[in-house]
């Protein structure tokens with residue numbers, strides 16, 4: 001059996017995993033696989049168990065199921081997983097279905113028994129750490145969840161916030177341009193309301209700070225993804241981040257860097273929604289704008305406090321799958337390459353590697369097990385090889401993760417980017433020509449390589465030689481991305497030559 005070079009490389013990297021840590025600096029070098037616990041893997045290992053996303057019911061995914069499929073995740077080169085919230089949820093089947101996703105909590109001191117036991121969650125953490133991998137857990141501090149109208153909430157069901165005194169007075173957000181409304185009024189609607197905790201009160205702050213520190217300690221958690229960050233006043237977050245004692249990345253669902261970037265002053269990182277929108281628009285069709293993406297890369301790295309601590313993504317459980325816009329596999333490969341080789345921490349959403357195409361919630365919350373977990377699909381292999389070269393570059397260049405990605409050129413269909421210290425840089429060339437794109441040679445200047453230097457294109461494992469003028473002749477075809485790395489630096493890596 002022929003074994004792909006990237007699997008050999010990743011295996012070698014895994015067994016040499018460093019000691020675990022959980023600081024922002026340590027998270028820079030991670031690569032995250034995000035999954036909905038209920039939708040990734042079942043304890044019984046079934047790949048046929050029914051999961052109709054339209055029903056919005058529990059489908060049976062568990063923490064033990066994740067443990068059993070860590071080879072599948074690690075085989076793509078991921079070094080961390082992010083799982084959905086673990087707290088006990090509202091028990092009813094609402095008109096919007098079950099709280100299978102984890103964002104309608106009622107008891108923060110109990111676990112969601114649908115996913116397993118406390119021992120199962122601890123076992124997941126241990127299983128990851130034995131592999132040198134990190135555990136990131138999703139948390140919600142903004143709200144609880146209630147099956148019913150906001151005007152008739154029975155606050156006694158919430159633990160420990162069991163009276164109305166802990167909450168903002170009921171009002172739904174009507175105007176998202178009004179930050180006071182965004183923070184003080186409620187999400188949800190009169191079918192499922194999301195009672196909004198008054199996080200300005202010391203009793204609420206202190207409860208959350210104590211809770212989050214205990215959660216991290218009890219389950220040996222390495223990082224937190226924080227939901228609905230913009231709906232809580234900013235001065236709440238530094239204390240929460242400090243109490244957690246690990247890297248925290250917040251969801252600020254807004255594409256304006258002037259709005260989103262300042263939240264990085266109150267927590268370690270945020271999801272890179274400013275990049276998400278131009279990234280999606282650049283590659284969801286063959287007529288997308290490279291200008292907007294080029295400009296936003298530069299804006300984010302100049303305006304955000306630290307673009308190397310942001311989370312880069314194009315899919316999640318709140319936004320439509322990339323393949324719901326286009327089934328062009330070449331475009332999907334380009335967008336995945338960008339995610340992994342841009343600044344910050346790459347985040348791939350479970351099912352993206354199988355080209356899942358669900359649209360808006362709930363269609364984008366498909367069961368990964370229904371794919372059968374193939375490891376030979378085109379995107380699985382591409383993601384694995386991109387993670388492999390990123391992981392290798394990090395191991396060889398201490399400055400790789402803090403070097404800010406530099407888009408060195410653009411035209412209507414192409415954007416090359418450079419990341420890494422001189423002599424060890426990765427140059428990624430992205431195209432939105434699509435799978436029917438023509439074959440041509442791109443003469444690339446500004447890559448920073450030296451005349452006569454040999455480079456390996458690590459997707460196709462071919463080589464090119466830098467011209468006497470310093471330009472790199474890059475063969476382009478079929479709209480596929482290209483990733484260049486100095487050939488001499490690959491010695492002993494198993495990458496392309498294993």
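From the backbone N, Cα and C atoms, a Cβ is placed for every residue, glycine too.
Among the candidates 142, 281, 295, the residue that Swiss-Prot names alongside 183, 196, 231 for the Ca(2+) 1 site is 142. Going by what Swiss-Prot states, the substrate site holds 56, 104, 143, 225, 230, 231, 255, 365, and the candidate of 303, 306, 318, 412 recorded there is 318. For the recorded site, residue 218 (N-linked glycosylation site), the DSSP three-state label reads helix. The Cβ centroid of 142, 183, 196, 231 marks the Ca(2+) 1 site; residues of that chain outside this set whose Cβ lies within 8 Å of it are 143, 168, 182, 184, 185, 186, 187, 197, 199, 228, 232, given in sequence order. When the recorded positions 51, 196, 261, 304 are screened for a Cα within 10 A of the Cα of residue 227 (active site, nucleophile), none qualifies.
Take 56, 104, 143, 225, 230, 231, 255, 318, 365, the residues named in the record as contacts for substrate: the widest Cα to Cα gap among them comes to 28 Å. By the criterion of other Cβ atoms within 10 Å of the residue's own Cβ, the least surrounded of the recorded positions 56, 218 is 218.
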